[in-house]
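Annotated in TrEMBL:
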TRANSMEM  69-91  transmembrane segment
TRANSMEM  112-134  transmembrane segment
TRANSMEM  154-174  transmembrane segment
TRANSMEM  186-205  transmembrane segment
TRANSMEM  217-241  transmembrane segment
TRANSMEM  253-273  transmembrane segment
TRANSMEM  299-321  transmembrane segment
TRANSMEM  342-361  transmembrane segment
TRANSMEM  409-430  transmembrane segment
TRANSMEM  437-459  transmembrane segment
TRANSMEM  479-502  transmembrane segment
TRANSMEM  509-526  transmembrane segment
REGION    825-845  region 'Disordered'
Amino acid sequence: MYGRYTQDLGTFAKDEAARLRLQEPGEGGTPRPRRPSEPLEYTQGRCAPCRVCALQCQQFLISKVGEDWVFLILLGLVMALVSWAMDFAIATCLQAQKWMYGGLDTNVLLQYLAWVTYPTVLITFSAGFTQILAPQAVGSGIPEMKTILRGVVLKEYLTLKTFVAKVIGLTCALGSGMPLGKEGPFVHIASMCAALLSRFLSLFGGIYENEARNIEMLAAACAVGVGCCFAAPIGGVLFSIEVTSTFFAVRNYWRGFFAATFSAFIFRVLAVWNKDEETITALFKTRFRLDFPFDLQELPAFAVIGIASGFGGALFVYLNRKIVQFMRRQKTINRFLMKKRLLFPALVTLLISTLTFPPGFGQFMAGQLTQKDTLVTLFDNQTWAKQGLGDEFEYLGILEAWHHPRSNIFVTLVVFILMKFWMSALATTIPVPCGAFMPVFVIGAAFGRLVGESMAAWFPDGIHTDSNTYRIVPGGYAVVGAAALSGAVTHTVSTAVIVFELTGQISHILPVMIAVILANAVAQSLQPSLYDSIIRIKKLPYLPELGWGHHDKYNMRVEDIMVRDIRYVTLNCKYRDLQHVLRGTKMKHLPLVESAESMILLGSIERAQVGALLGHQLSPQRRFQALRQKVLAEDGHRHPDVGIRFQVRGRPPWGLPGRMSAAEVRGWAGAGRTLLPMETQETPMGCHGTAGGRGAFTGTPGRCAPSPCPTAHPSPQILEWEEEQLDQTVDFSSAKIDPAPFQLVEHTSLHKTHTIFSLLGLDHAYVTSIGRLVGMVSLKELRKAIEGSLTAKGVKVRPPLASFRDSTASASEPDTTALRQLWDRHQHHHMPREASPGGDNDAPK
């Protein structure tokens, strides 16, 4: 306890390895065996130096593959290629829809059929392909990644099959033109790519097999997913931290920035290489004036955008959750849709496509524009309300979609916002790979544009400041609205940084930050984030946040919510007790206590270990060994004409005599067979059933009966032996026991418990009082306490402020006496532990 290291462990290990290398050719005079990486032909011949140099270079490169920067470069490169290829395929699909729609302009009915059929086919294919190949690819993927980064293992979420389903399904879904997003699924895609790369690179070095390292790489991959999606590395890192991590390790910070920056750079370079851009620029470049971007008197309008966006974001999350719950609670609809899985996405796509048909209702909501074109127009510098109804719209290109001869721009924007709002909430419930960030981003931009156009109409000459007059820029309001609404839905502030990188300007940094903070304040007080809402819907094992309105949880303590009636294992228990514990609980870890009277917590043992102890005690090998000893002991007292009948597990050889002496028993057992005694009578043997329901060898001369028997019950001798074994005391010497399971004292506050569980990724903790086990708290109880429904079995709800009243009392005298007694008892008690293979004399001190 009071020792100290006199030498660094790394230096000690190197010195020890060098010493062992010097001793290798020593004692027997035998030379050191040649390593596999040093073949004889490499060190002989005319080209030996070149071969040795090449081999050393190869070993150097293989060792460098295990370093972080190589992995991050590969991850960024692969994700940039995937993002660019998907964008190219999505643009091709959208262009094909426009080509089909424009080529049939002579017949409106054919135009409608083409406009509706094309996205319906793509969505149906995406839903069917995903359902067949990997149903785990459905949805955003951020809720699942949030759960995985907490330490929970979700099967099949990071496999190659899910990666293929996610990429192809997302490409088809976005190519259909539905109001769906790309950012959330790309976080999942990048995480799968990182997991697959780790699995591949583990061939070069075992460091990638480390679970903690994989979690760090997944954290960096989440940043890459956002960075290569919007070419926004800084906002991508911050956004990924906010939506996937409760606590973030700062050592992963540079990994996220490095990989996201490299990925965004390659993504934009590919656009330049494909002649889509002249140089590397922002995706939605704006040209707002820099000398006077906004007036201070416009800040109240920006604040109104933030507050309204907060209410709108909470409403979007609520509407999305209610749609899913309605589909699940209506048993008739749910049963029908489970049988016809492709019908729901086809009907939703048909409905949305019909409403956005440009010659129909879509003309009042710019239905012919894609999401990218919509953002480009909403971020435009010009003031649409000042354009009037003249011919000037003919020269505005895609801006003409917002112009309708029988309505003004305000009606078009209001209809667009209202229709897109519920359409996006409905479309994100389709069982295809999709996200909700981009649709919400577009809706927020439209709302900001509406406020900006209204301000421009109210102040046509701008707001007067002294002698200068600057006109209002509605595009700046659109940027503020996009950041505010998307931040309200996701409960993030980093959307402000994302819009700066998307537009390439930070002139509106102050209005954007004000609006985003106000939107988050309102939304967090009303609803959980969209990702936390999906976690609740899917019932994923994740701990909710202590947000606004949870101030009363600071006065609650662990003793108020813990489960008191728990199963435990005592140090002096019998195997029968282990059997009862396994039958009575499904806990993966069981507490090990000193005795039922003292309840001193000694450690924790896994359920699998308990099952292994019980299985070893009742194993066929021990059973045969005991019965063999019994046979040998009775060998001298047995009549020579009396045979022993055995159950033989496995087919016996033909011609085995029906009556066997003890020597024959030993010979038969030496062949590896399992023999179980049946009777010791001289009567002819019949068919006796085994515990497995198979026929038993009867022992009749020249006859074997491997056929099934009508009865399959073990003999009374076997049952008697098992009862004897179950009454023995358990030997824990071979079991792996965790001597230091995580413990909480009963007066620990709920807020501190929540912090510890979130920081360490715990799923349960034992509650002790002066060393005694008094209960256990798990994620289930903690989640119920935070959500305000303490109705779990075994949870004792104390009166309000009971913990506060108890905190003023000091430790009583009986507690102090009990603590001394427990300390004295522990002076003579030792924990069971496995014997170490060697001494510790060589370890550095």
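Cβ coordinates come from backbone N, Cα and C, glycine included.
Automatic, uncurated: that is what TrEMBL annotation is.
If you look at the transmembrane segment (112-134), the same-chain residues 6 or more away from its ends with a CB under 8 A from one of its CBs are 93, 96-97, 100-101, 104, 156, 159, 161-162, 164-166, 168-170, 172-173, 175-178, 341-342, 345-346, 348-350, 353-354, 357-360, 430-433. Only residues 6 or more beyond the boundaries of the transmembrane segment (342-361), in the same chain, are considered here, and those with a CB under 8 A from a CB of the stretch are 101, 108, 111-112, 115-116, 119-120, 123-124, 126-128, 176-179, 327, 336, 367-368, 419, 423, 426-427, 429-432. Between the transmembrane segment (509-526) and the stretches 186-205, 253-273, 409-430, 437-459, 479-502, Cβ pairs under 8 Å are most numerous for 479-502. Beyond the ends of the transmembrane segment (409-430), by six or more residues, the same chain brings 123, 127, 173, 178-181, 312, 316, 319-320, 323-324, 327, 344-345, 348-349, 352, 355, 364-366, 384-385, 402-403, 436, 439-440, 442-443, 446-447, 449-450, 453-454 to within a C-beta distance below 8 angstroms of the stretch. Below 8 angstroms of C-beta separation, residues 179-184, 298, 301, 304-305, 308-309, 312-313, 316, 371, 374-375, 378-379, 383-386, 409-410, 413-414, 416-417, 420-421, 424, 427-428, 471-486, 489-490 of the same chain, each at least six residues beyond the ends of the transmembrane segment (437-459), sit close to that stretch. Listed by sequence, the residues of this chain that lie at least six past the ends of the transmembrane segment (479-502) yet keep a Cβ under 8 A from its Cβ atoms are 226, 230-236, 238-239, 241-243, 282-284, 286, 302, 305-306, 309-310, 312-314, 316-317, 375, 378-379, 436-437, 440-449, 451, 508-509, 511-513, 515-520, 522-524, 528-532.
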